[in-house]
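Everything below concerns the one structure shown next.
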Amino acid sequence: MALFYVARYPGPDAAAAAGPEGAEAGAHGRARALLERLQSRARERQQQREPAQTEAAASTEPATRRRRRPRRRRRVNDAEPGSPEAPQGKRRKADGEDAGAESNEEAPGEPSAGSSEEAPGEPSAGSSEEAPGERSTSASAEAAPDGPALEEAAGPLVPGLVLGGFGKRKAPKVQPFLPRWLAEPNCVRRNVTEDLVPIEDIPDVHPDLQKQLRAHGISSYFPVQAAVIPALLESAACGFLVGRGGYRPSDLCVSAPTGSGKTLAFVIPVVQALLSRVVCHIRALVVLPTKELAQQVSKVFNIYTDATPLRVSLVTGQKSLAKEQESLVQKTADGYRCLADIVVATPGRLVDHIDQTPGFSLQQLRFLIIDEADRMIDSMHQSWLPRVVAAAFQSEDPADPCALLQRRQAQAVTAASTCCPQMPLQKLLFSATLTQNPEKLQQLGLHQPRLFSTGLAHRGLEDTDGDGDSGKYAFPVGLTHHYVPCSLSSKPLVVLHLVLEMGFSRVLCFTNSRENSHRLFLLVQAFGGVDVAEFSSRYGPGQRRMILKQFEQGKIQLLISTDATARGIDVQGVELVVNYDAPQYLRTYVHRVGRTARAGKTGQAFTLLLKVQERRFLRMLTEAGAPELQRHELSSKLLQPLVPRYEEALSQLEESVKEERKQRAA
């Protein structure tokens, strides 16, 4: 760093009075005082900023190298430094040389001794024009930190901590932001034994339907039915051709435990809304994931439409396409005549009829009911819903201005969109494990939806994870949960002990694959003493229907199944559900154990867990809000009497598997 003093000519009088020697001595004294003041300030700032570095520098000074700036070699003329003949540029200084002693006077117009080399006649960087006689303090202050005085005060450089020093801290949990209809549902009571509502308390139900209910032994509604039936009847209060007040009714979503009466909650209002129809058209369409469940729902519709002119058609692929076409449409001289008011179908078969059945029309569709909605959403890759919606809003003659009830796609509610009334399409979603993920529900295109949910499901909204499945499922009140720690080899022995020693008459056992189900069936059959059957896709629809009927009648004691029967199948009298293979997902467990403790009855669920599965499974159920699981340990002494017959059955199982492989190869 070089401090300089610009000697300006003060005038002839002042120069004559002071003389050349006095002026030069005064300039040197002022420059020295300014330099000392800047050096002291630099030391104070350095000590305030890095007190620890100065101590570390003193201790590590011999081991560290001092950084020095690269020096430039400059050509020095023979003229003395400080004389008017000296060249422009910086002067080299010896190490440890005092800057104040070497600061010298420069001529006006020459660059300062601490600045970079510039063209002759240009002002030095960082300085500004000043009045004659004033010192360029701003330029000196800017140049001060770069000089040797600051280097001496700073001392040697000490390496510091660049990365690290971060403490472990748990990330805050982000609360999901849900739409209002999901965050504030219509809460439904979940106790189906104490919160019953008498039939007379809902007078809007048609007297003929009330008579049908009493004839089948129903004198009270379950809480879900008491909440959903009035809401659906209100949306069809002005008839099924137009919505209430001419507006499109809201879509409904119902999330309630298994066995809480969801099927009857939509059967009663749909049948009542269509009682006034004159011409037969497809007004209600029920879409379900499995053939067995579709057959069960079709049976309920047939019961309550028996004394009415309404007709129900089942379309699941159990019959040939031609047979199903005969139950849907009839060809006449004037065209095609519809033969069904209510159609119960599976997605794949429904799309087949939309594409291949002449005269099959959904243009008069009023109710679209999606049961087991969470599984139906997972099968949206089949694109069945867009096909149904496109068929429902397809117009025969879009250019006809006289079509008063011409169906159009739903738009924003404006004066123009409501001036011409049209028959609305109302969507109804039902499931025990209805997802609350807005991204998935958006695929359904719901219109101003309303959610009916149990209190437990509403509580779980705050604990919804990325899939939208955690902490929001409700279990039947009368269900008792158990888990049995065991090894992989002792699993069949545990199942045999539960069936033979504990005296359960109807046991439903679930496995994760069709192969595991078949092998366990062969093993129990070889063991003997148990009426066992297998329920899987190995059998056709007729055989599966016969097996379920025998199981309900008590002719089959143990039914080994895959998850095919875990979805909505209402099997009467199931006392015990055994999870032979622990379910991987929460909603799979909910549907499995929901086959027992239905309609207010009691039931038990046992899950066989390996040691590596216990922690994850228990945490999953705890987050779901399930009641406390009871640990049920079986000692080797209890299973020892079954071991001899079990070993014989294993040898027979091996032979049976070999024979089946030979048959497949042949």
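Note: Cβ is positioned from N, Cα and C throughout, glycine not excepted.
Among the features that Swiss-Prot reports, N-acetylalanine is placed at Ala2, with the record citing a large-scale study or a structure entry.
Annotated region 'Disordered' per Swiss-Prot: 9-152, in sequence order.
What Swiss-Prot lists as compositional bias 'Low complexity' is 10-28 (among others).
Look at Swiss-Prot and you will find 33-48 tagged as compositional bias 'Basic and acidic residues'.
Summarising the annotation, Swiss-Prot assigns compositional bias 'Low complexity' to 49-58 (among others).
Among the features that Swiss-Prot reports, compositional bias 'Basic residues' is placed at 65-75.
The annotation phosphoserine is assigned in Swiss-Prot to Ser83 (among others).
Taken from Swiss-Prot, the feature compositional bias 'Acidic residues' covers 97-108.
Residues annotated as phosphoserine in Swiss-Prot: Ser103 (among others).
Using a Cβ-Cβ cut-off under 8 Å and counting only residues 6 or more beyond its ends in the same chain, the motif 'Q motif' (221-229) has close neighbours at 186, 188-192, 195-199, 201-202, 204-205, 252, 254, 256, 260-262, 264-266, 268-269, 452, 599. Summarising the annotation, Swiss-Prot assigns motif 'Q motif' to 221-229.
Annotation source Swiss-Prot lists domain 'Helicase ATP-binding' at 243-452, citing sequence analysis. Per-residue pLDDT, averaged along the domain 'Helicase ATP-binding' (243-452), amounts to 88 for this model.
Sequence-distant contacts of Pro257 (ATP binding site), defined as residues of its own chain at least six apart whose C-beta falls under 8 angstroms from its C-beta, comprise Arg190, Ala432, Thr454, Tyr473, Ala474, Phe475, Pro476, Gly594. DSSP assigns Pro257 (ATP binding site) to coil in the three-state reduction, outside any helix or strand. Positions annotated as ATP binding site by Swiss-Prot, on the basis of sequence analysis: Ala256, Pro257, Thr258, Gly259, Ser260, Gly261, Lys262, Thr263.
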| query | Counting only other Cβ atoms and using a 10 Å cut-off, which of the binding-site residues Gly259, Gly261 scores lowest? | reply | Gly261
| task | Could you tally the C-beta atoms, other than its own, that fall within 10 angstroms of the C-beta of Ser260 (ATP binding site)? | result | 27
| request: List the residues of the same chain that sit at least 6 positions away from Thr263 (ATP binding site) in sequence and have their Cβ under 8 Å from its Cβ, in sequence order, or write 'none'. | output: Gln296, Val297, Val300, Asp371, Phe430
| query | Quick one: which residues besides Ala256, Pro257, Thr258, Gly259, Ser260, Gly261, Lys262, Thr263 have a Cβ within 8 Å of the ATP site's Cβ centroid, in sequence order? | reply | Val192, Phe222, Val224, Ala432, Arg598
